[in-house]
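Quick look at what Swiss-Prot annotates:
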type	residues	note
SIGNAL	1-21	signal peptide
TOPO_DOM	22-530	topological domain 'Extracellular'
CARBOHYD	ASN77	N-linked glycosylation site
CARBOHYD	ASN103	N-linked glycosylation site
REPEAT	116-163	repeat 'LDL-receptor class B 1'
CARBOHYD	ASN172	N-linked glycosylation site
REPEAT	209-254	repeat 'LDL-receptor class B 3'
REGION	276-303	region 'Disordered'
COMPBIAS	276-290	compositional bias 'Polar residues'
CARBOHYD	ASN312	N-linked glycosylation site
DOMAIN	363-397	domain 'EGF-like 1'
DOMAIN	398-429	domain 'EGF-like 2'
DOMAIN	432-470	domain 'EGF-like 3'
CARBOHYD	ASN472	N-linked glycosylation site
CARBOHYD	ASN507	N-linked glycosylation site
TRANSMEM	531-551	transmembrane segment
Amino acid sequence: MMIWVPALIFLSACLLPRSNGTPLEWDFAVTLRTKIQFLDSSWQTIATAAHEFDELSALTFDESEELIYFNDRQHQNGSIFSLRRDAYAASHVAQQAIQRTGNESVGGLAYDPLNRNLFWSDTLQRKIFFASIDSPPSQPPKVLVDLSQEGARPEGVAVDICRRKLYWTNSNITHPTVERIDVDGSNRVIIADSDIDMPKGIVVDQLSDRLFWIDDLKGVFFAVMSSNLDGSDRQVVLKDKHHEPQNLALTNDAIFWTDRTTKAVWSHPKRAAVKATTTVRPEVESSTDGTESESKQESEPVEDCPLVRVANLSEEARGIVARTGFYQRLQKDAHCSSIVRKIKLRLDEMSEKKEVRSLVDERMDQLERDHCMNGGSYISKRDLCICPAGFKGSRCEIRECHNYCVHGTCQMSDLAYPKCYCQPGFTGERCEVSNCAGLCLNGGHCRLGETEKDQPSCECPANFAGERCEQNSTQICSLFCRLLKHEPEIHVPFGCHDICEELALDNSTNIAIPQYQHLEVCQTPFVWTSSVIIILVVGIVFSLLLITTIIHGIRRLYKPKRPRIRKTFVVRKQPRTNSAGDTPLTNRPMTAEQCEITIENCCNMNICETPCFDPKLVEQTLAKSSCKEDKKILIHNMEDDLY
């Protein structure tokens, strides 16, 4: 018996749903008149269902249990039905959720996954009903809001599951409004009642905390409006014509709506095209005087974005829903995290099995738990994986940041969406756009700035100029040179002179060469000429002489002076006969015969400078003597001849 257990476990594991066969394979669902059409993210049809119905209209989606709820206006017994998309089933069985009670006409559907309640508007009875899907289908629904006495006409409905609010549109053309109320029926508030005509479908964007609704304007025009959840900061997302939109759906970055006229689904970016009106109501925020304050702001148009036709349908398009990844995206949201935990806890409780488990059942449970990868939670009753932030896929096997950023680093945002931080020189949602891509023309080289704020610049090749090297100087100059041939007085840019000369060599009949006055002045002079070199050398020499003079003067200024010695000698002009015994004391010469010699400091003393006679002996012995020896002998002879 034990031999069959592993085999049975292996067979059961092989029969588990594969990753490509789970309900996560579709991203959009659209109700046509006689069927529901499922489409993927590229708007390719995957499958169709609910072919047994004849007049489908509104629909809503329970993403927690993968259930679609829709309305059929002509069914005899039921009014609202549920359908589960099963990729392995040959057909999709729709079950009755709400029994028909009369001649009702459902305008809009909404679902609350926390309390498991359905909300819908009845355009004939002018009421908003709700009912629990856990109650028997035969149990009559309850009235949440009765608008019959006011003459209002409720159309679209939407549930804010995080803040526990219900929003609806009133398309009564005499007094159209957008209103909200708590899901328990209290605190009704009008959030918009001006500058609207006939609001239709409405949806709450939990990611941006904003409302979006369709307004069927007068004539052939329509608009998609947006505001905060309290009605403030109203904006016109788009305005166009020749559409008859009914319902809309949202993704992270786009709006989708169904058009009955063109039988198609259209899309537009979610950002606003014009900021319209900001309204703050007293119920939300009171002013100082306690009255309603309304401020009009000037329209601020942004870049126009055309509408995109994403899907052509075979029948009249009506309701539409989109998969938003609610449980993954809002796990960290301040308003939604507690609601997500409560819903997940309820799903876990529903998945618990109370019967006695065998060995095979326990092993099957282990296989089911291992079915979801990367920490995903497996909901066995619905065969569904709830993935943690950063992972997606039917088994949470795909990391959202894997290969997401082309030239950058990927991180998960607070809303569990991948976000790219680009490298310098790259931009785009996935850093896929280079700032230099296609910037420089004609072979120019792109240079990035030193900082992220600096714009890239182009280094242009010869004969090209401009911020993007888009100006071809050869072509421009050729036009001037051709025109100069016929109009000689025209001014030709200076840079065209050489180009015109080159063009004239090949086509001298049509090309004229401009003649500029004082052309040599405009040319770049040669700096190192002979005159410049001479002036430079002379300047250096004079500079050196000046420095030498200054240094010598400083030395003479600070050098001490030598003492000046002055001595006077008296001698005869002519020697006497027999004068060997004469001395200056015994025989002093007379005044007429004497001669005085003054010697200063012994430095200006020389035989040639002596005004008296020159002894013969000195002439003979000092003929070839040096200056110093000459001075010594002169002093010696003078001492001998003193009187």
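The chain as shown is numbered from 1 upward.
Every residue gets a Cβ built from N, Cα and C, even glycine.
Annotated features, which come from Swiss-Prot, shown on the structure.
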residue: ASN77; record: N-linked glycosylation site; contacts (Cβ under 8 Å, 6+ apart): GLN96, GLN99, ARG100
residue: ASN103; record: N-linked glycosylation site; contacts (Cβ under 8 Å, 6+ apart): LEU124
residue: ASN172; record: N-linked glycosylation site; contacts (Cβ under 8 Å, 6+ apart): GLY151, ALA152, ARG153
residue: ASN312; record: N-linked glycosylation site; contacts (Cβ under 8 Å, 6+ apart): LYS263, ALA264
residue: ASN472; record: N-linked glycosylation site; contacts (Cβ under 8 Å, 6+ apart): ASN442, ASN463, PHE464
For the domain 'EGF-like 3' (432-470), residues assigned helix / strand / coil by DSSP: 0 helix, 10 strand, 29 coil
For ASN312 (N-linked glycosylation site), the three-state class that DSSP assigns: strand
Where ASN472 (N-linked glycosylation site) sits in the secondary structure, as DSSP reduces it to three classes: strand
DSSP residue counts for the repeat 'LDL-receptor class B 3' (209-254), split into helix, strand and coil: 0 helix, 30 strand, 16 coil
Mean per-residue pLDDT computed across the repeat 'LDL-receptor class B 3' (209-254): 92
For the domain 'EGF-like 2' (398-429), residues assigned helix / strand / coil by DSSP: 0 helix, 14 strand, 18 coil
